[in-house]
Amino acid sequence: MIETCLCWVGGIFIVTCIAYVVYVALEVHVFPGRSLTTYGANPKLRGAGSWALVTGATDGIGREFAMQLAARGFNIVAVSRTAEKLAILSKEIESTMPGIKTCYYAMDFLSAGNAEYEGLEQLIRHLDIAVLVNNVGLSHTMPVNFLEMDGRELASICQVNIVATMQVTRVVAPHLVRRGRGLILNLGSFSGQWSTPLLATYAGSKAFLIAWTQALGEEMRRSHVDVQLLNTYFVVSSMSKVRKPSMMVPTPKNFVRSALSRIGRSSGALGRPFTLTPFPSHAWLDWAVEHFVPRWWLLRQAYDVSLDTRRRAIRKAQRLEKSQ
């Protein structure tokens, strides 16, 4: 009798595990995300759709968000530091996607104060903003022990990754609430989820975004504004310093395509509210590490990787110094 019960329990456990893995696979690869027409995109009649505001819009992931949201029928508000790059982006969008309207706002998030945020508010006050992509971010120049970190770099990372993100959201979110439907995407990082020694300040700023996004998401849910943190591993970009794409390191174009097709899902972030790990290989890594890898071991491995990265960065800097 006992043996029969144990067999049943074991069988139920195995079937449950298999069913769970199948569900994860469906979540990562099959189940569609929410259509962007929910938020006012109009791909058939360009220019008639609502607006999407993207920060850090002139390079990498931010640029791809601006381009792909425009391709899906949103007009674009591009916000970044360099006016010349913004003008080039705006011209490219309007020339390659006739009918789409753009405007841009040059803003240095490191030094922005009340006047700059008020200027942004004035720019968008009469626009039907439906989507906000908080993409702008800053990391360390190289991995560094926290006690050896330059105080100015510490302040800069917190200013851009935390303060600027909240300030832009404070300006834009009321537009989403008033229209009765909207979307806020915050660019997160695996570093915030699992932490990364020698990148402690960056990791801490991204961990803040996890908690803040979840709290904001629950608040905004009642106003029919969807809020999601896009959990991100390495992507080819100047910030990651990775130049060659691979199965685990997508190009910005492929990453953004995955993100925009999975809105409203969790993918590899199952069970974590208001969080989406959109790129398939990242999603499986997220799920596997969360379920099978001890945090203490992960921290030690991350420390070793960061230390090796720091040593290589120092050697590169020394070679450049000698060549000058």
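In case you wondered, yes, glycine gets a Cβ from its N, Cα and C as well.
As written in Swiss-Prot, here are the features:
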- 2-22: transmembrane segment (TRANSMEM)
- Leu53, Asp108, Glu116, Asn135, Arg170, Tyr202, Lys206, Val235, Ser237: NADP(+) binding site (BINDING)
- Tyr202: active site, proton donor (ACT_SITE)
- Lys206: active site, lowers pKa of active site Tyr (ACT_SITE)
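For Arg170 (NADP(+) binding site), the same-chain residues that are 6 or more apart in sequence and have a Cβ closer than 8 Å to its Cβ are Tyr117. Classification of Lys206 (NADP(+) binding site) by DSSP places it within a helix. Long-range Cβ proximity for Lys206 (NADP(+) binding site), meaning a same-chain Cβ under 8 A and a gap of 6 or more residues, is found for Asn161, Gly188, Ser189, Ser191, Gly192, Gln193. Checking each of the binding-site residues Leu53, Glu116, Ser237 against Tyr202 (active site, proton donor) by C-alpha distance, the shortest gap belongs to Ser237. By a simple count of nearby Cβ atoms, those within 10 Å, the most crowded of the binding-site residues Leu53, Glu116, Ser237 is Leu53. Neighbours of the residue listed as 'active site, proton donor', defined as other CB atoms within 10 A of its CB across all chains, total 25. In this entry, NADP(+) is bound by Leu53, Asp108, Glu116, Asn135, Arg170, Tyr202, Lys206, Val235, Ser237, whose most widely separated C-alpha atoms sit 30 angstrom apart.
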